[in-house]
């Protein structure tokens, strides 16, 4: 078997090598933010650039470069695109059945103020979905819900991407934290506890930030009590759950407490002016809210039973994806499990264990696995799809109409699915060629200032892979090693990789493609990217400052 060892300074120096490795990433930013190319076009050109640089600059064998691209593309189709197809299918069923009118009415009965609807649906309910499912489903579902409530697609997608910042680190029952523990050897409980001492600051900030994006300082002054209830209840619960229970449940508990607290609060309080129609403002790119009124929420004309039936697809989804991510269920499909025979593991030819990581990332050359797992029953998307099938019968859609809705879903998602495949192919080429490691080593070389840049490493990882879990797998060990070299807590920097990663989710090409697909913005990925990029950089800087202060000033906040 022919092997190839990654080269991290192929141009002779780390700085120049990093500049070359940056070319595909810079092009992707420019393609979306300046050239305004469609997502699948930008992704395809970026993929071609990354393959050429991998082969000619980083000396990756041609067959391995194309194998990495192929592996990334099929990974984009399964499990990522499958999750999105199932989530959008579920939403479209509620619309086709006419039940979304009841969902809309039930939300308006709590508040008809769109600023508060974003907090309730985008922030709190989205966090619940992130805790249970993760991997794109929360943004797809909450974005579609907000469009159904009357939000313009760009705002629905952008606001949900930014709202999804707070819960990502503990998503899918703590998988990102658990993976960080696996690759570093640090107790996941300690990593989760440390992240739980960083992210609550962001959790409090995000609701205020969302309102400010929609209605400026005026909106914050009018709605600050509700924003404080939503963010404060989430942050406090997030801290206590992560520090005293474990990394698996912070999103579930925080989201439930936030939803209940905000819903109950809105029963006894409402802003002086209720804002019900959002449009883009003329100054500072702010979102200004029109049609002020003080009429308050409109009582629902539907019974409790009708409301529960309308919401049942999302209730079933939450229950099923929670079951799907629990250890006993996963054990059924693990080696030795009762249903392991239903899982197909395919070793990627010309790639599996043929690419070797090298020092300083690892002590000795270590082969990288490349195994595609096709798990038709245990995949998260299947849980959502089963929820959709059950919903066909509960909502009375009918099998024939349900099949038609599914076909319509596939047709509407053809370009987003291609975009997802392309960006994952680019990400995998970047990873297997060593380009991502070269960029990481540049950041790691910042010495005593590295605690500030540490979250940006997680940010970069999530931008490249679309996943906080993958970012931790990619850079977790580098964070730990660098921490020991500069005499800083390794638990702090590994947690910072996770915390910083959440701020990159809103600009990840994968997330952008998912949000556009769910809100009917196919081909408008550049608009959404330009809408979220500055917020991503600001949030990453906030986490960087928090990490720097915890490393050298507020050392009492460290997990001992």
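Cβ from N, Cα, C; glycine included.
Ranges compared are 100-120, 226-246, and Swiss-Prot records transmembrane segment for 226-246. Relative to the membrane, residue 8 and residue 99 are listed by Swiss-Prot as lying on separate sides. The list of residues near the topological domain 'Periplasmic' (180-199) in space but at least 6 beyond its ends in sequence, with Cβ under 8 angstroms from a Cβ of it, reads 166, 169-170, 174, 235, 238-239, 241-243, 246-247, 250, 472-473, 476-477, 479-480, 489-492, 494-499, 502, 543, 546-547, 550, 557-559. When Cβ distances are compared across the two stretches, the transmembrane segment (70-90) makes no contact with the transmembrane segment (249-269), since fewer than 3 pairs at least 6 residues apart fall below 8 angstroms. On the 0 to 100 pLDDT scale, the model's mean across the topological domain 'Periplasmic' (430-438) is 91.
Using a Cβ-Cβ cut-off under 8 Å and counting only residues 6 or more beyond its ends in the same chain, the transmembrane segment (14-34) has close neighbours at 8, 41-43, 45-46, 49-50, 53, 57-58, 426, 430, 435-436, 438-439, 441-442, 445, 463-464, 509, 512, 525-526, 529-530, 533.
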